[in-house]
């Protein structure tokens with residue numbers, strides 16, 4: 001379901017590295033050349049370009065990009081150029097920092113990556129920051145947020161499709177009882193949401209809907225202003241229908257009074273090679289306008305060109 005447009009004939013990494021070096025030299029940076037190369041190479045190809053670039057010029061490509069580019073365009077290019085596990089580790093680390101802290105980004109990474117991807121994020125985090133992701137999340141969160149987020153980022157869920165229907169029925173009943181009693185952060189609720197496979201969770205939530213006549217996220221809207229409840233609902237959405245979660249993040253980022261470029265950049269950079277096609281379909285269904293048109297109407301310049309290239313847009 002990836003949307004990234006990679007050309008049929010991809011030049012050798014040495015050729016790409018040389019072209020990027022040329023884009024940085026001279027009087028002005030050749031931004032279009034940077035987009036033409038980096039926005040049209042997959043993760044493995046970008047890793048090879050970085051390796052080749054370092055060997056040829058003795059400098060990390062990311063450092064060169066950081067020196068040559070600026071603002072939202074720079075962030076979009078650098079985030080996308082990073083290896084996916086390294087990128088998620090960087091975003092998670094940023095989300096535990098005082099001025100850029102975000103429970104949402106931590107939850108998003110923990111709930112929308114596969115078990116192996118999340119495991120690789122934790123490994124990358126160790127290598128980059130000489131600490132564990134779990135210890136930083138535990139240190140920078142408290143109360144119910146810590147109760148939910150630490151097991152989420154620590155999880156290694158079963159990835160298969162096997163489902164135990166007896167378990168689905170019994171756990172749907174547990175969830176109903178706890179939610180009816182407003183015990184939203186009860187250890188049983190946390191246990192089910194943070195440890196069950198995505199297939200098992202889907203079965204449990206389908207049974208919840210059938211047996212009790214309401215989708216679980218509807219019952220979790222009892223207090224619309226409760227921030228923890230919002231996060232719990234979003235976690236359930238990420239685990240079961242990630243494209244609906246990402247559509248909403250994009251819609252809110254674009255429709256805000258003043259675009260939320262960080263959210264827009266994060267979703268485009270992290271989903272371009274994963275499920276962007278589904279997200280685009282959901283966006284058009286929900287908003288009666290294509291994501292391409294929405295981004296083109298809300299951004300400009302090289303930043304707009306980079307985002308549109310990443311979501312696989314032709315001319316808008």
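If you go along the chain as it appears here, the first residue is 1 and each next one adds 1.
Including glycine, each Cβ sits where the backbone N, Cα and C put it.
Because TrEMBL annotations are produced automatically, they should be read as predictions rather than curated entries.
Note that the structure is a prediction, hence the values are computed from the model and not measured.
If you look up TrEMBL, you'll see 24, 26, 28, 68, 254, 256, 258, 296, 299, 304 marked as Ca(2+) 1 binding site. Taken from TrEMBL, the feature Ca(2+) 3 binding site applies to 298.
Look at the binding-site residues 28, 258 and count other Cβ atoms within 10 Å of each Cβ; 258 has the fewest.
When the alpha carbons of residue 258 (Ca(2+) 1 binding site) and residue 298 (Ca(2+) 3 binding site) are compared, the span between them is 9 angstrom. Here residue 298 (Ca(2+) 3 binding site) is positioned 26 angstrom away from residue 28 (Ca(2+) 1 binding site), judged by their C-alpha atoms. Comparing the residue listed as 'Ca(2+) 3 binding site' with residue 254 (Ca(2+) 1 binding site), their Cα atoms are 7 Å apart once rounded. Shown in sequence order, 64, 67, 68 are the residues of the chain, 6+ apart in sequence, with a C-beta less than 8 angstroms from the C-beta of residue 24 (Ca(2+) 1 binding site). Same-chain residues at least 6 positions away in sequence with a Cβ under 8 Å from that of residue 254 (Ca(2+) 1 binding site) are, in sequence order, 264, 294, 295, 298.
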